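Quick look at what Swiss-Prot annotates:
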BINDING   Ile22, Arg23, Gly64, Lys67, Thr68, Thr69, Glu130, Asp131, Tyr132, Arg173, Tyr183, Arg220  ATP binding site
BINDING   Thr68  Mg(2+) binding site
BINDING   Lys312, Arg317  DNA binding site
REGION    1-183  region 'Large ATPase domain (RuvB-L)'
REGION    184-254  region 'Small ATPAse domain (RuvB-S)'
REGION    257-344  region 'Head domain (RuvB-H)'
Amino acid sequence: MLDERLISSHLLDEDDNNENSIRPGRLSEYIGQEKVKENVEVFITAARERKESLDHVLLSGPPGLGKTTLASIIANEVGKPIRKTSGPAIERPGDLAAILTNLEPGEVLFIDEIHRLNRNVEEIMYPAMEDYVIDIIIGKGPAARTLRLDLPPFTLIGATTRPGLLSSPLRDRFGISCRLDFYTPLELSEIILRAARILEISLDKEGATEIAGRSRGTPRVANRLLRRVRDYALVKGNGNIDFSLAKWALEMLEIDECGLDVMDRMILEAIIGKFSGGPVGLDTLAASVSEESDTISDVYEPYLLKLGFIQKTPRGRMATEHAYRHLGYPLKGNLEGKGLFSDA
């Protein structure tokens, strides 16, 4: 198993430069998320006709679905520069004040992982978002006084993978909220073909479809797999990626037809083989596969839940009928004939 998961939806070191070269710059180039695109286009057009700054935007959804890309596209569409930072990087209220007071009129401020903003920093954000002002306390004790600074109109775009962790006062100040969902295999295939054209990779539709089917519904994963399959095509093939080459390369990378890697299968096999299908507690499961509990719950479980391979119950994790069938295990008696959504 490779040290860094090829199918991780989180950004790996090599992804940043590669993604920048293939990121779309306009809504017309952005593939998928049709409802979100339609709504965003309406909001941008309306703000332009009113000659106002676009309302503040909250982008939520699993990692790797294009929240940062969409933020950059919004800035391009409104014709304003974008300034990027992240929640953990803004440690003190003064850090945020410095950013806000240096914004140009209409500029877009993008804060990734906005759910990780310090609460003291967050309180500075409230009047800035509502009234375009910030209050700075000067001095200490009885001599302290508040200085109010006016800010130019700006648009805040916040991105989060965990919208439930945002405080209600902050969440309620976003006038526009968009949730990005997993992509269909057809959409991913189009994304892969577009990336291949930009990167000058020889790839046919069947090869793109095979890569898309194992990309976990995530463009970041799809683009990463494309680059790894390209390596196999260059070294072990003739440089061209077709269905057979893509299928063989992905099998060499130990990524199956559902997009599961070695650790995904180890988790399912542990639940089925060691714990009779469950239920099994998270800590016990993590110990059985030599992994951290938080890593299991944050990195591996979401996709297994999406596929319906595991269930979370009050007593622990259970493998479903789909997991038994996928791994080729005989069904337990209480699973025989029962689907995940069976009434029985």
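Quick reminder: no glycine exception, Cβ is built from N, Cα and C everywhere.
The Cβ of Thr68 (ATP binding site) has Lys84, Phe110, Asp112, Ala159 as same-chain neighbours under 8 Å, each 6 or more residues away in sequence. Ile22 (ATP binding site) is 39 Å away from Arg317 (DNA binding site) when you measure Cα to Cα.
Looking at Lys312 (DNA binding site) and Tyr183 (ATP binding site), their Cα atoms lie 24 Å from each other. Around the Cβ of Gly64 (ATP binding site), the number of neighbouring Cβ atoms within 10 Å comes to 28. Under 8 Å, Cβ to Cβ, and six or more positions away along its own chain, Tyr183 (ATP binding site) finds Gly32, Gln33, Leu65, Ile191, Gly217, Thr218, Pro219. With a 10 A radius on its CB, Lys312 (DNA binding site) counts 14 other CB atoms from all the protein chains.
Long-range Cβ proximity for Glu130 (ATP binding site), meaning a same-chain Cβ under 8 A and a gap of 6 or more residues, is found for Arg173. Cβ neighbours of Tyr132 (ATP binding site) (same chain, under 8 Å, six or more residues apart in sequence): Asp150, Leu151, Pro152, Pro153, Phe154. Neighbours of Ile22 (ATP binding site), defined as other CB atoms within 10 A of its CB across all chains, total 17. Per the record's binding annotation for ATP, residues Ile22, Arg23, Gly64, Lys67, Thr68, Thr69, Glu130, Asp131, Tyr132, Arg173, Tyr183, Arg220 show a top Cα-Cα distance of 37 Å. Note on the region 'Head domain (RuvB-H)' (257-344): DSSP counts are 42 helix, 9 strand, 37 coil.
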